[in-house]
């Protein structure tokens, strides 16, 4: 809403002295409001002072000041003279929000009648309801609740602040931190406040209460929150739990009450690897340390005895020794070196600090050790039986967890899937431990983008996609699953640049529905283009495009044909990848060139036996589109063509514009180009494999398509893995493509 200023100066020239007088009157108006001088306010308004004037520093108007003073009469006077009831201060606060801070129900009613929104907020996300909780204004809080205020609204802050994990607090957290016991009771008992709502840093109201510098009501507030089911294992800044914060407050009563909670994790550590017991020893808190020891705190969490000795606390030393603390505590070796370079620093830190073991697993749910977010928690660094692993967290018993573990257990022998090391359960969560890789495919392509050099092969794309194809092939044939979520974030690259398939929480045990396999193949087709394009087209954009549009975006014939075959796999969809691993896309340029030479070396081609099977197969069909090699003799370097035709000069049997003669030409040139007498010819052509790839970009695919299901495929390079999994369905052992593949 625009500011409504009913006291604008009359149009026309004004003297500088007049302007100065007007500005002075504006400042005097604010001063008069602050001094609660109603008569002077009236006089200045009638004299032309700007009722919506905002002072420079905070953007306060006369109305804001009147609301702050709870002067309802001055507020009404200003409104009658055109004060804007929704004008914001520089921090975004409106008169309505300030009325909640002042605790004036009458002013809150007034501004609601003037168009205020009960849930409007300032630029930092504070609503009137939150401010009433912050300042302990019970009547205002109850009034706003009745008028529809959102009790559990989380503070929405600026985007840059949100990236720093600031904001997200609720009115309950504010009341807990400020020590307003009555407000807290009302919020919990009458208004249904969520006791375990968390701010953007993951802190609940219990953490906020323990962060308060005022300890007078902290015990009462803590008891109240615990009685309403507050989570005692939540973490605040630097990973501190309520128990650790209570120890830092040196508050024996709080520690006692927290230890009475059924699910308290007594050995949890903060981000520095310190437990509540270690902190109690460092802070020389004998009674708290003794209480923790009696409640079962691990004494294997640091050099407790030496710390107590350095503090000259002999009685604490005796307590610690009586509970099993070691005199000769040996921390992890300082010279330990991680295998992972990307995660090395965090792994060294995790290796160094104390963490209570969960079965065979050591890990820490903390931002410092987080690899990625997931729908059920996240993926973290960890050690499983001292092996570096990625730990994927699930809610125990969730369908996603069951699918992930079931699929991983069936794939233990497959090298192109992440290795499954084991899992552990704890506090209603399942922790699944798999191969720790360096980065996702998406992150890897960010590094490789722009590396393409003209006239050079893309070995990276070929190798990565070969690994991905083998992984999906293993998943389909050996494991009997379909993935259902193939995307760049689920392809991981290890320290040796090998690709591994991961994230099986959407995978399905294949029961014969070809559509499930086709879904994987279509995603693979998009992954092919994504990798070839080095991620320059986002996978989300590729998913939004039709299959035909994706095919047309292909940069070369091999890529185009491979994607087309993935989109149209034919009847035997489950066998498709077995054959596509032998597709020309995966051949080196030298292999493509060698294949053309080998086919051209067939005797029926060399002798132009026109009725032969191979020349019949290579003959273009009547409905086929034109090819780059239709008039191939005109596209070869003129000098080279003359030189090669010279051999047939006596018989007049020159090369003709047929596929067979082109293959014979490639064979003959390959046999002789390295001879000394053909040195000049090689200078003109350069590398023959590159020359023919560029001159006839569709030739290899043409030959492959014509000969793939014939005996002449013997000339194709053998790229299949010797341990290729066998299909347990029909046709899997033949090694031949299905009609559609």
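Using N, Cα and C of the backbone, Cβ positions are placed for all residues, glycine too.
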Problem set entry | Where Swiss-Prot places N6-acetyllysine when the choices are 370, 509, 650, 684 | 684
Seminar exercise, completed: Which range is zinc finger per Swiss-Prot? Of 245-294, 295-344, 395-444, 445-494, it is 395-444
Exercise. Relative to the Cβ of residue 684 (N6-acetyllysine), which residues of the same chain, six or more apart in sequence, are found under 8 Å away?
Worked result: 637, 639, 640
Problem set entry | For the repeat 'ANK 3' (91-120), distant same-chain residues with Cβ under 8 A (at least six beyond the ends) | 1, 58-59, 63-64, 67-70, 72, 75-76, 79, 85, 126-129, 131-132, 134-135, 137, 139-140, 143-144, 147-150, 153
Seminar exercise, completed: Given the repeat 'ANK 2' (58-87), its same-chain partners at Cβ distance under 8 Å and 6+ residues beyond its ends are 1, 3-7, 29-30, 33-34, 36, 38, 41-42, 45, 51-52, 93-96, 98-99, 101-104, 106-107, 110-111, 114-116
